[in-house]
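Below: one structure, written as structure tokens.
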Amino acid sequence: MAAGGAEGGPGPSAAMGDCAEIKSQFRTREGFYKLLPGDATRRSGPTSAQTPAPPQPTQPPPGPAAASGPGAAGPASSPPPAGPGPGPALPAVRLSLVRLGDPDGAGEPPSTPSGLGAGGDRVCFNLGRELYFYPGCCRSGSQRSIDLNKPIDKRIYKGTQPTCHDFNQFTAATETISLLVGFSAGQVQYLDLIKKDTSKLFNEERLIDKTKVTYLKWLPESESLFLASHASGHLYLYNVSHPCTSTPPQYSLLKQGEGFAVYAAKSKAPRNPLAKWAVGEGPLNEFAFSPDGRHLACVSQDGCLRVFHFDSMLLRGLMKSYFGGLLCVCWSPDGRYVVTGGEDDLVTVWSFTEGRVVARGHGHKSWVNAVAFDPYTTRAEEAASASADGDPSGEEEEPEVTSSDTGAPVSPLPKAGSITYRFGSAGQDTQFCLWDLTEDVLSPHPSLARTRTLPGTPGATPPASGSSRAGETGAGPLPRSLSRSNSLPHPAGGGKAGGPSASMEPGIPFSIGRFATLTLQERRDRGAEKEHKRYHSLGNISRGGSGGNSSNDKLSGPAPRSRLDPAKVLGTALCPRIHEVPLLEPLVCKKIAQERLTVLLFLEDCIITACQEGLICTWARPGKAFTDEETEAQAGQASWPRSPSKSVVEGISSQPGSSPSGTVV
């Protein structure tokens, strides 16, 4: 079976009625994306995705183990407890990638010393108590996926579990690869994969925050600063060069606003954390920096997307989910749009320049765990330059073709100079979706009828003219055509948006139309009408978390975090109803795994996905997957061995016991 399981036996989802075949390829306008074969069906090791080692979030490791790392070193041969029940939920599988050398280089591997730094890119992902490291993914053609049975390094933690991690791409080089790892008990570990003696632990005594780390990110173009978010809803700024405080930190209020507050740490000497952000209600699930590094988008369990200007700590935008929490967020390559996914089963596209929801996408049957823009098929920059040059697009579109496997029409390639944003989503329903956000959806629409606004709320008033896309599209909007757009019909004007038939508009699925007539509180009360399958709605247990530092989780000073009233927000510019914004249909929607999907990355030559079972899938872009003969013919042009030599693996496996504390290598 290929990595990702194209021919696997029936899993739990099949037993619950989900008998859809797992796909090994899918087709878009540009051609076929194909799943690269792998040498392993799953990673090797005793830990099962269904029987993890129980985490210990409330008991810090005692004695010397507490001082040496986030957990005491556990023997590699000790299996986790097994039982008939599902056991505690594992943290979501996450994948981090660092690129060494020029991704578009001539094909020669970067010169690096032997060991973990040898070769090109590096991939890290967590599964249960373990961290795995592999050689990188395809660059300019590859014939195989990652061999999950041959990690070049592995770390095992006891008493706590890795929940997230991030490489420092800015400083990555042949002599250093910096990695941050967050844990379920709240600690953060700093590692250098080449300098084995370099290791630091932050929040070791859990004095800063006792809840799990939900997300980590290095500040753009920074060698030492990083952000860590926690299930407490707090976001902390750290410097790897500074130690942590030996007592619970004290804070002074710097700034507060709608649903957030920012504090500076009181300390005469440089200490971590440097600052604390209290954002929203409930866990802060994920955050992302804009491409220019100036703005920070945060999504929380309270269902709000908040966009901050990072340096000034000002709230620049606010959006509310249609229902439930938001779990993931991503910026468009040009920084104009933000896409989110969450517990409403929808993907939502929010315009940063206009401060409004421009579209929603309905294709998933359960929560959306990951979203990402594809910068390699997005045409926004080409369209902007063509519009600026005044070059009218007179090319005719290619004739519509039909997919051989489904018989459904495949939309032609968009005209040169047109605006097309491509993004993807991965959900707990094991479905992978691709979406095209086209110019006809992005064109300005009349104001929403009967739309209320909350005075003083960011996002309620669109920015001044000049931020509208009308001036960027050049020769006016394209004719509305469903063959070129993956959006369902929506009202051309706002005059009838609040009419009696608006809630059951033709073309909108029944479930969505029904939700359009309910307030969020009404949906919450109708537990008997839940549409989620039990298996797919295991939920975001690993993302959530309760408890915390009883004295430190309370906001210091008179800065309470306000909560938006869902009943009042629905139908406003912060949260339009379903029929008030375009509803996108997925360009591609395929079942690609047996377990819920948690990872989605777009690279130059491939797409990377991963599921909670610990399987990494590499999907080669059209024309980028070579056969054995083609790979041999192109040797020396654009490819090099993706697996380390035997001596490299042996060198890693025989490292002395002086490796970073809390690990077994």
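The backbone N, Cα and C atoms fix where each Cβ goes, and this holds for glycine too.
Features of the protein shown, as given by Swiss-Prot:
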REGION    1-91  region 'Disordered'
MOD_RES   Ala2  N-acetylalanine
COMPBIAS  52-64  compositional bias 'Pro residues'
COMPBIAS  77-89  compositional bias 'Pro residues'
REGION    100-119  region 'Disordered'
REPEAT    208-248  repeat 'WD 1'
REPEAT    279-318  repeat 'WD 2'
REPEAT    321-360  repeat 'WD 3'
REPEAT    363-445  repeat 'WD 4'
REGION    380-413  region 'Disordered'
REGION    446-506  region 'Disordered'
REGION    524-564  region 'Disordered'
REPEAT    592-629  repeat 'WD 5'
REGION    628-665  region 'Disordered'
Worksheet item: Would you list the DSSP helix, strand and coil counts for the residues of the repeat 'WD 2' (279-318)?
Response: 0 helix, 24 strand, 16 coil
Discussion item. Within the repeat 'WD 5' (592-629), count helix residues (DSSP H, G, I), strand residues (E, B) and coil residues, in that order.
Written reply: 2 helix, 18 strand, 18 coil
Worksheet, complete the sentence: Across the repeat 'WD 3' (321-360), DSSP yields 0 helix, 23 strand, 17 coil
Discussion item. For the repeat 'WD 1' (208-248), what's the mean pLDDT in this predicted model?
Written reply: 96
Practice prompt. Count the residues of the repeat 'WD 1' (208-248) that DSSP assigns to helix (H, G, I), to strand (E, B) and to coil, and report the three numbers in that order.
Written response: 0 helix, 19 strand, 22 coil
